[in-house]
Amino acid sequence: MQIKDLFSKKKYATIPSERPKRDIPEGLMNKCSKCGTIQYSKELDKNLKVCSSCGHHYRLSAWERIGMTLDDGRLYEYDADMESVDPLEFPGYKGKLEQQRQKNPNLREAVVTGEGTINGHPVVVAVMSFDFFSGSMGSVVGEKITRAIEAAHEKKLPLLIFSTSGGARMQESILSLMQMAKTSAALSMFQGAGGLFISVFTDPTMGGVSASFASLGDYNLAEPGALVGFAGRIVIEQTIRQKLPDNFQTAEFNMQHGQLDLVVHRKDMKTTLGKLLDMHTVREGLSHGG
């Protein structure tokens with residue numbers, strides 16, 4: 001062997017595998033974003049999309065949540081065809097709206113409203129979806145929620161809103177911000193007439209939604225670990241120049257500081273809502289004599 005042979009690269013032969021490569025079907029498994037546990041999607045669905053290892057609550061679409069909450073998953077939908085236009089002719093907005101509708105064929109906007117029952121109790125519901133434009137509140141979202149509030153007022157039914165949002169929709173500017181006042185004013189009239197409003201925060205509920213109707217419930221509930229706040233953590237830390245607690249703006253942190261009434265696991269949500277509705281329902285034949 002010559003010295004130069006010591007520094008020469010060895011040549012390796014590639015032996016083809018006798019076993020064919022098996023492709024794993026897309027969507028067969030999910031990896032938990034919190035603990036990293038890999039689970040079969042079917043098992044995750046059976047567990048209401050809650051991680052069996054750490055309890056992390058995955059985000060749900062509006063229709064998934066409706067299916068888990070309402071009796072038989074049935075909803076008489078309000079304003080199903082209402083959709084956003086481009087009132088301010090914001091550059092690129094129309095195209096983005098169309099992209100969102102193609103990505104979410106079962107949604108026309110970031111909220112679904114309607115009427116159903118929970119444990120036999122009729123209720124008006126509004127369920128937001130983070131999948132559509134990050135759940136941002138524009139004119140149509142505000143209008144649909146306002147109409148749902150007015151329907152509950154007119155029919156004397158309890159109102160239930162599941163919120164999830166990144167905040168106001170910037171492409172609609174002041175028209176978007178106006179929805180904060182509009183929804184809050186409608187709630188004030190509804191609650192002033194004795195209407196019951198149950199608000200449920202889901203991950204995440206931020207910005208103009210958390211600062212308006214979502215925080216005005218007679219009962220304010222949240223799912224475990226839900227991010228609930230107004231401005232983002234980084235913005236606040238840069239403003240006050242202080243390090244915030246690790247659990248800052250979580251549902252648990254908000255409940256500890258009096259901003260929420262109860263943090264409810266997803267598997268217990270329908271039962272809890274049913275109990276609250278029971279408490280506020282006058283049964284037929286109930287005597288009010290004294």
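Yeah, the Cβs are placed from backbone N, Cα and C, and that goes for glycine too.
Of all Cβ atoms in the shown protein chains, 11 besides its own fall within 10 Å of the Cβ of C35 (Zn(2+) binding site). Among the features that Swiss-Prot reports, Zn(2+) binding site is placed at C32, C35, C51, C54, with the record citing sequence analysis.
For 28-290, the entry in Swiss-Prot reads domain 'CoA carboxyltransferase N-terminal'.
Residues of the same chain lying 6 or more positions beyond the ends of the zinc finger (32-54) and with a Cβ under 8 Å from any Cβ of it are 60, 64, 68, 225, 265-267. For 32-54, the entry in Swiss-Prot reads zinc finger.
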Spatial neighbours of C51 (Zn(2+) binding site) that are distant in sequence (at least 6 apart) but have CB under 8 A: C32, K34, C35, T37, Q39, L44, H57, Y58
C54 (Zn(2+) binding site), number of other Cβ atoms within 10 Å: 12
Helix, strand and coil counts within the zinc finger (32-54) (DSSP): 6 helix, 4 strand, 13 coil
Non-site residues, in chain order, whose CB comes within 8 A of the mean position of the CB atoms of C32, C35, C51, C54 at Zn(2+): S33, K34, G36, T37, S52, S53, G55, H56
